[in-house]
Amino acid sequence: MRFIIGGAGSGKSQRCLDELTQAAQAAPAGPPLILLVPEQATFQVEQALLGSGRLKGIIRAQVLSFQRLAWRVSLKAGGLALPPLSDLGKQMVLRALLEKKRDDLRLFHQVADKPGFIERVAGSIRELRSYRQGPESLRRQLSQLEAEGLGETSLGAKLHDLALVMDELRSYIEGRFTDPDEYLTVLAARLEESRLLEGAEVWVDGFNGFTPQELAVLGAVMRSARQVHISLCIPPGQLYKAGGHHSPSDLFHPVLSTYDQLMQLAAESGVAVDPPLYLNEPLRFRGAPELAHVERYLFRQSAPAWPGAPERIALVEAQNRREEVAAAAREILRLVREEGLRFREIAVVARDLEGYGDLAATLFAEHGIPAFIDRRRTVAHHPLVELLRAALEVVVQDWAYGPVFRYLKTDLTGVSRAEIDLLENYVIEHGIRGRAWQQQEPWQYLRRYTLEEDAVPAGPAQQALLDEIHRIRRRATAPLLAFQRRLQRRGRPGPTVREITTYLFQLLDDLKVARQLEAWKAEAEQRGDLETAREHEQVWTRVLELFDQIVEGLGDQVLSPKVYLQVLSAGLDGLKLGLIPPGLDQVIVGTVERSRHAGVRATLILGATEKDFPPQPAEDAIFTDRERERLKQSGLDVGPTSLERLFQEQFLTYVALTRGSDFLWISYPLADESGRAAAPSPVVGRMRRLFPELKPRPAAPPAPDAEAAVAQVATPRQLAAAVARALRRARSGYAVEPHWLDLYQCIVLDPDLHREGAAVLAAVGYEEWLRRRGTPVGRELARLLYGDRLVTSVSRLEAFLSCPFRHFAGYALRLQGRAEFTVSAPEFGLFYHAALSLFVRELERDGLAWDTLTPDEAWRRMDSIIDRLAPRLQSEILLSSPQHRYLLRVIRRTLQSSLDYLSEHVLHGEFRPVAVEVPFGEEMDGLPPVEVDLPGGGRVLLRGRIDRVDALEGRDGRWYVRVIDYKSGRRDLRLGDFYHGLTLQLLLYLMAVVEGGEPLLPGTRVPAGALYLPVYDPVEPVNAPVPPDEVRPLRRKRYQARGLVSDDPAVIQAMDAAGLGLIQAKLKKDGTVYKGAPVASPDQFRQLFAHLRRVVRACGEQILQGEAAIAPYRLGPHTACQYCAYRPVCQFDPAVEPQGYRRLEKMDAPDVWQRVAAAGGEGDV
């Protein structure tokens, strides 16, 4: 045996390749020449071996990993008698075994169902096997603990459970499979007798350490081969520490320990050790002395400072990871364009690849950089994996909403996304779940917008919708229903694993999944996305292999679909794809230990923070560090502790910093992904001590001027992004420099630039912003939408005056939010209105007066009404679940409490309800519409429905009219809001009855009031217990009717004869009204009505002219955007466009009275 000793960059790997190549050239036929490397490096080393051009092919020379060598030995011995049990198969078997032995487990049964636990158990068993530990050694350690009285500790429970599981696993595997975890053990035992390496020369390269299993194999290799060369990354000057003279904190401690182990192994194997070959010169850094300085001195206690600023090393700090990766992309393009590097000569290293991998894939693609993310990618969210999981969950969870639509949205079911959206909206609206999916009859659920009549048949449009829903449902569920029927066939104990797996494959076959994946693969190849193409291909192959493993491992066992789902999920969770780099010239993004970068000239290290570089290894999920140390002291080595792994990470940091030959670029974010401050790695401090003039530079230039912005531009898409940022400032009211507008015109006019930048500019919405700020929809389009006669409602006018675009989106485009099967504020309001209206109508029908009813009689009537209305609300939603039945109790309690206080208005007042749910408007069976003529000849016709009209006939024969609007909460009529058109409804209803109420109240009608009546069950906060006789007055304040009433004391007296505070207006002892009360004289009512007409006229004119601007109001702290459903459509951003608000003047009642009095009955708003 001979060691090849040298530090990073000294040419160890190249020396191994050169010696192997020379031997192969000298004697093309002869004993094997084997280069033994880590599994993940085999592809890149083979490329390097053949890429030199000195070998035209491989005959003697072989690049092998330990696993591949084991396979060669078994092949020479006649092959594997039994199929191997893959890692995924083992996880699924473990899942079933844990379920089977659940009652015998001491600890694992508590966490067996947690995601990832099975994978951790499988990993622990693999680690134990690699350290040549079995259930016997675990039980010996458990017996030792029990002798010390510690058998019931957590460590004892873990040893017991692991030994039990390993025993069960071995019993299960025996005679059925071979265990890949035992391959190296078998290899060590059989290698010598196989004579595979007889006369062979072996080079071992790329390892920093070996497991006990691998050391046993190396011992057999030493005894079998003619010559073994082992390269180790140890600077020759550090080798004096070998033989146990190094501490765990020493940088090269992991490799020196490996050297010691190999020397001991050679001695035990009777193998002579030749003098080492020392490689003293850092050949890699011949053209970059700064990097040689890093390799030699970075981790030394004392080191000379580098004179001057290094030209080939950069430190970069970024605000966040995204900015950091974007800066790395720009640096890669600079290296390629200015330094002449190829993409394949650039390595990007991240210790936290999970945090950087997706960002690198996205941003590098945006910059046009070909890149391969070197990681085993999980496919847990691939549509095929999701389909399998969801299909089983549908059966197990009895067609719950989530699994059904996860199944449908995989795009593998033959149903289009538009059809799925239609079906999903219908299902959500009507709360469909469970057996309703399995019924043969078409669904007939329809939403009702009134509760006061029995169900009516579906109209033509509704029936067409129901027919379409039925067609989609039948097509979407037919294969899944067939799968369920196969699973649930009666007359047998239950399906076996083999049968369930067969049924799943039949489902995939029914859906033609293989054909769809092939089509996706072809599409990906056509657009040049080779990684995705291979992913679609591999995931199908791996799923079929998974099915084979399930059947081979558990085939004839009877499992319930629920347990089978758990077993399959364990396999799917561990399903990862290792993709070979699809291109020859591309940047490799990976971790230090996984990616082998040959011929790297530039290394970019991302995420050099205190937390991640080197990372702080977490404790193992099974054995804690303290438990590992205790076991090691007792003679049971189960692997390194987190502290030992931290020392290994320090060595890997050294490897990462010395990987590139020409350039080193280190970056770190100042904040993590959660926004918390992140400190730079200690490595950054060491670099600055080595290079005092090395200063961190910002990833993005801080100045917002054009030169700094353009300095960040590397691609047409980035140019568009820079222009978009500048134009977005225009939306905030700032001036835009002329050169940005010039660049904008370049992007719009240049076909290539526009193709790349159109999406970015569309996202910022600059063109749309210009359009909506400058021009309305237009009179012609408005005429098509509305006609010359604008028939509308007051709520629509309020929406327009709140924000014109809100009106346009809701009433012109008719955009609606998704209707859901839930009881929210609108449904509560609908129920309350219906119940109170029906209460009054039935009193009238039965010839009863409200004030003659006792509270109990009134409540019995209301209780009966609630029972009749409850099934009518949204397909019996109030009876559909315990949660909704509780809401019905809330409704019942609210109406009981509200009815009690509403009755006081009848008992202590003279106004009586004359009609409820009073319609007004064209083609409505009620009062005529409120009509307002427009200057251009058009007309606005207002319609609506008034909750309740009360009246009192005066001695003069005139009708005093009061309108009531029920509200599910306390509401005030603020005259300032009315003046601006934000709350027109209540006073417009009063005007509709006063001016057009002849069919209801013949004669002269006088406005007496417009009031909001609360229907709710408030809680009154108090500071101390309240006597029973004071409770009612306190609650009565909460039920007070609020609004505007006549200033006539007689009218106020008629509304609250007992002075109980039923309304806001109160009379003094002398019969006059208190100052500041919300009252109006007849003239003031006329002035309000005149103002109302002016608002309607102005509003109607703008609507018919096509006004649809995004111009939300702001009035004090309130804005139109607070509860607007259309914000995702308009994209109005208050933080970016504060100047975009239409600011309204805050006005109190005196201000309003002054304005409307000055305007009189004429003029504009």
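Using N, Cα and C of the backbone, Cβ positions are placed for all residues, glycine too.
According to Swiss-Prot, the residue from Cys1099, Cys1130 that belongs to the [4Fe-4S] cluster site alongside Cys803, Cys1121, Cys1124 is Cys1130. Of the recorded residues, Gly7 (ATP binding site) and Cys803 ([4Fe-4S] cluster binding site) place their C-alpha atoms 71 Å from one another. In three-state terms derived from DSSP, Ser13 (ATP binding site) belongs to a helical segment. Long-range C-beta contacts of Ser10 (ATP binding site), restricted to its own chain and to partners at least six residues apart, with a cutoff below 8 Å, comprise Pro235, Leu279, Asn280, Glu281, Pro282, Leu283, Arg284.
Other than the site residues Gly6, Gly7, Ala8, Gly9, Ser10, Gly11, Lys12, Ser13, same-chain residues with C-beta atoms no more than 8 angstroms from the centre of those residues' C-beta atoms, the ATP site, are Cys233, Leu279, Pro282, Leu283, Arg284. In sequence order, Phe805, Ala809, Ile1110 are the residues near Cys1130 ([4Fe-4S] cluster binding site), counting only same-chain partners six or more apart with C-beta under 8 A.
Gly9 (ATP binding site) sits 63 Å from Cys1124 ([4Fe-4S] cluster binding site), taking the Cα positions as reference. For the binding-site residues Ala8, Cys803, Cys1121, the greatest number of Cβ atoms within 10 Å around a candidate Cβ is found at Cys803. Looking at Gly6, Gly9, Gly11, the binding-site residues in this record, the fewest other C-beta atoms within 10 angstroms of the C-beta turn up around Gly11. DSSP assigns Gly6 (ATP binding site) to a strand in the three-state reduction. DSSP assigns Cys1124 ([4Fe-4S] cluster binding site) to coil in the three-state reduction, outside any helix or strand.
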